[in-house]
Structure formats: C-alpha cells, structure tokens
C-alpha cells in the first residue's frame, strides 16, 4: 500500500499518494484534476502554479529583463544621426532598414548604436565593412542571402553586444572570425547551413553568453572545449543538427553553462564524463549513459525528449534531488520503472510520450499529457458520447448480422453460393460487434481509474485478442465485399460468358479469404519481436495510427493493409459498381418498357448507397493512416475527442452495421421471401 505524501507546510493534513491538496482547504483531489483547466477545488488552488517555468524559461526571463534595461535609450523619438539611407527609419542612434531590398551594407553615421538590416538581399560581408561603427551595440543581419563572411568583416566592433546572422546561407565559420568582438553577449547563427566549425572560430568571444545554432548541418562539434574561448557561455542551443557523438572534452571549462539543448540530433554515443563539471546546468537535452548525471545536484530541468533511447536505467535520476521538471516525451518507459521517479521528491512537472505513463509518477502534481484523445485518466473511452455509442454500435452490429443469419437460415431451403457468401460476410461483420462489446465491457470495468490499469491492459492478452478480432473482421469483410462485388459485376456485365461460381468453388474462395484474414490478424501476435506491442498502442487496441516510435516492420505491415490491400479493394468496388450501372443503363435503353426508368433509378440509388457507405468507412481510414505516416499533426483532443477515437468507434464499424441492411434486408428477393413466408403463415392461421 502506498504511503501518504505530506502537503505543503502549513496545510496541516496529508493526502494519499496520487492526490494533492486544495491550497489551505482540507480536501484533496487526484492528479488528473490538477492543472486541467477547471476549478475543481472551488478556490482555484488546483489551477495555481501550473505553468512550468523551471529551467530555461526562467533563465531566459532573467536574461531578457537584464537586456531590456538598456534598450530605452535606443528608442528616443528624435534621430541624432546625420547620415542614413532615406528609405530607412531612424530614431535616437538607431537605424532600421528592414525589408528595403538592399544588396549591400549602407553607409550610416559612425555614432550609430543599432543597425537593423534584416530581410534584405545582402550576399556577403566584406573586410572592414563595419570598421567605422565603433559604438555599434546591436547588429541585425538575419533573413538575408549571406554566403561569404570575410575574416575581418567584424573588425572594429569592440562595443557590439548582439549579432544576429540567422536565416542566411552561411556554410562555414572561419578561424578568428569574431576575434575583435570582446563584448559580444548574443550570437545568433540559427537556420544556416553551417556544417563545420573551424578551430578558434569563437576566439575573442570572452563575454559571450548566448550561442544559438539551431537548425544547421553540424555533424560533429569541435574536439576541443567550446568554452576555452567563451568562458562565460551560459546558453548553448544545438537543436536540429546532425551531431552523432559528444566527446568528453567538448564541454570542459563550461562552468557557467546553464542551458544545453541537443534535441533533434542523431546522437548515438556520448563519452563518459562529457557533462562532468557542468554544476550550474538547469536544463540538459541528450543521451543517457548510466552515470551521466552524477554531480549535477543543482539540475532543475531535464529534457531528453525525442531521442533514440533504448533504455532508461531504473536509477537514472536518483542523483538529481533538485529536479523539478522532467521531459521524457517521445520515449518508451517500461512499466517496471516506477522506482525511476519515486526518489524525485521535488518533481512538480513531468512530461511523457503517453498519458498512461503518468501511473508511474503518482506523486507528481502536473503530469502531461492528460489524454491521448481516446482514453483519459478516468476512462478507457474519454468521451461520454463514445462510451454510449460503443454499446449502440456493438448491439446494432451484433443483432443486425445475427438477425440476417437466422432469417436466411429459416427462409432458404437451399443455400445458393451468393447466399453463402452473404452469410459469411454477416459472420465477419458480427465479429466487429463482439470487438466493440469487449471494449465497452473493459471501459466499464476500469471506469473512474483507467490510468491505474492502462499499461497492463494494453499489454494484456484480452487487448491483443480484441485487436486481432477487429483486424480479422475488417479484413475478411473487405475481401468478401470485393468477392461478392466482382461476382455480381461479371454476372451483369458478361451474362453469357460468366456462369457464376458453384458451391464448391465458393466454399474454397470463402475458406481462402478466412485463412488470409486469420493470417493477417495473427502475424503481429506471433512476431512480437518484430512488431512490438502492435495492437496495444492505444486503449482500444486497434493499430490505425502510426507514430515515430513504431517499429519499421509494424509500420510496413499496417501500411500494406490499409493503403495497399484495403485501398485496392475499395477502388475495385467503386469501378465494379460503376461498370455495372453503366451496363444496366445501356441494356435498359434498348428496351421500350415503361417500368425501365423507375427500375434504373432504384438500381442507381442502391448502388450509390453501397459505394457511399464504403467510402464513408474507408476514406477517413485511408486519410488518417496517410497523415500519420507523413507525421502530419492530426487534430488533438477537445470536447468531442480526437478524429482517431471517432474513426475507431463509429466510422470503422459502420460498414459492419450497415452491410446486413444493404446486402440483405433491402434486396427485393429477400423482401419477397419474407412477404411470401408471412403470407403463407397467415393462410395457415386462417385455415385453422
């Protein structure tokens, strides 16, 4: 049993593990109700201190506050400069030439303190280009076309504090390029094409505080320490490069480093001791060797999201007693690793790839995400409408298909091949109803405490079997619909050449379809090493959506099914019904019967609804699968849930629920048989 955690000092009471106090009230609320945007306490305490300002956000706020203190003098109304381009704007000692179509650096008065040249067409910076501007403190050159920077381009800028070179075409930093910029504090080099940093490239930057190299092409960082020439470096941004390894010497002497960002790289190896000595670090993004964080007792924020980590050690974070914010988004966390987070007593914010992982950290007040759009902390099906609709669809699907099977058995004295195929289709569609019943039953079972069981449920045998059952139903139904459609197509379009399949041939085809469906649904269950937890990627156990963590074989398999087999079947059905309608129309146009037009309209309506329901079911599935493969962001959760949840609960089973109506109940032969049966029954009763 879990021990209760004490509340903040002065509260005078304790809350059970997984619950947190409502400020100075004596009531406690579960983790799910804190920081959810709703005042559940009544005094607003559950929505206080929910913004995570730990780490770099706090540091950036401090930096901007300091930087802005000296900005007012640059914004005086009257221009004090005698020389500046007429199409540029001037105030105080500042010149703004933003987006003035300049092809070169313009001439301005030597007393300029701020020069803004962004969004122009400057291709290069020549030697001594700014030599006369010894009082210049801020230089903005972002969004130009700069490819070449001469070695002495920044000569004479001894007072420069901020240099912005973002969004250009710079490919290489020359040695000693910034040698005379002794007072430079901010150097922005993001969104260039820098693939290599030459030795001594940052020589002379003794005051540099902020180095921003986001979205470049760096494959490796210098083997020597980056801070040998930048001893005051506090913020280093290397996100979105191609760095594969971090060697031990690269961050040596970086005693002032506070924020180090390495996400969205290709890091496969970090040398032991690479981060040793970074005692002021409050945020770190990178790989996780076992003893990586030893000695980082002051670390407050750790973000290792979206890195290719294969394993997180159970005691990975035990040497970080001050940790307040931990980001593990994009990483798989084994359910056995609860101990990983229990020693972090100061942890107030934690971020996971899946909301189900929040059960591993019940003592953390703010855990995100709160839902995956399908499930929530409390319910397997987060939306109340979905919780009702799953039973409606399950009952409609099961009862509709069962009714058709029973009625066909009672009415048909001799089963035709077509009737046998329709009965098999009803059996396949009925399995979808059974799948929905299973999901609905477990939603009721876990009601109010789903997140406690989420990981165990998604890895359980019932979830795997339910997912396999849904896949079996879906694929057998698709294949049977294609077979029935093709049989009908050949009998209508080629009535004299096609004699129809016999009972034995039909039985062989149906057996082959069921065997193929069983194989497709069983392969992920039998090959767990290659497919991983294929069916257990969400609470409804259906593998519709892909994500970057999905195994390649699982992704290829699901793509082959949904965008290969199913898409081909849908196209075949659409073309077959189009061909049938065209053939019927040509045939009826050659007759002179008065009943031809109403009959043609009736056939057109029937064919339209068959194709329409197929499209209604399959096109959203095709689009959803394609968007997830392309990693396009799919609309997230809201009051109506996600698109994925509605597709799985409503759109996916719609064919299974409507097929009995379209292929049996609304057909003229079936209705005639029912009428005949009822008529004969009435005659029997009258004769008595």
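Any Cβ shown, glycine's included, is placed from N, Cα and C.
Lifted from TrEMBL, the feature list:
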- 35-50: disulfide bond (DISULFID)
- 384-407: transmembrane segment (TRANSMEM)
- 400-663: domain 'G-protein coupled receptors family 1 profile' (DOMAIN)
- 419-442: transmembrane segment (TRANSMEM)
- 465-486: transmembrane segment (TRANSMEM)
- 507-525: transmembrane segment (TRANSMEM)
- 560-582: transmembrane segment (TRANSMEM)
- 603-623: transmembrane segment (TRANSMEM)
- 643-665: transmembrane segment (TRANSMEM)
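Sequence-distant contacts of the transmembrane segment (384-407), counting only residues of its own chain at least 6 positions beyond either end whose CB sits under 8 Å from a CB of the stretch, comprise 422-423, 426-427, 429-430, 432-434, 436-437, 439-440, 443, 640-641, 645-646, 649-650, 653-654, 656-657, 659-661, 664-665, 674. Most buried of the disulfide-bonded residues 35, 50, judged by other Cβ atoms within 10 Å, is 35.
Counting residues 6+ beyond its ends, the transmembrane segment (465-486) has Cβ neighbours under 8 Å at 418, 421-422, 424-425, 428-432, 434-435, 438-439, 509-510, 513-514, 516-518, 520-522, 524-525, 534-536, 541-543, 561, 565-566, 569, 572-573, 576-577, 614, 652, 655-656, 659, 663 in the same chain. Over the domain 'G-protein coupled receptors family 1 profile' (400-663), the average per-residue pLDDT in this prediction is 80. For the transmembrane segment (560-582), the list of distant contacts is 471, 475, 478-479, 481-482, 485-486, 488-489, 492-493, 520, 544, 603-604, 607, 610-611, 614-615, 618-619, 621-622, 625-626, 629: same-chain residues at least six beyond its ends, Cβ to Cβ under 8 Å.
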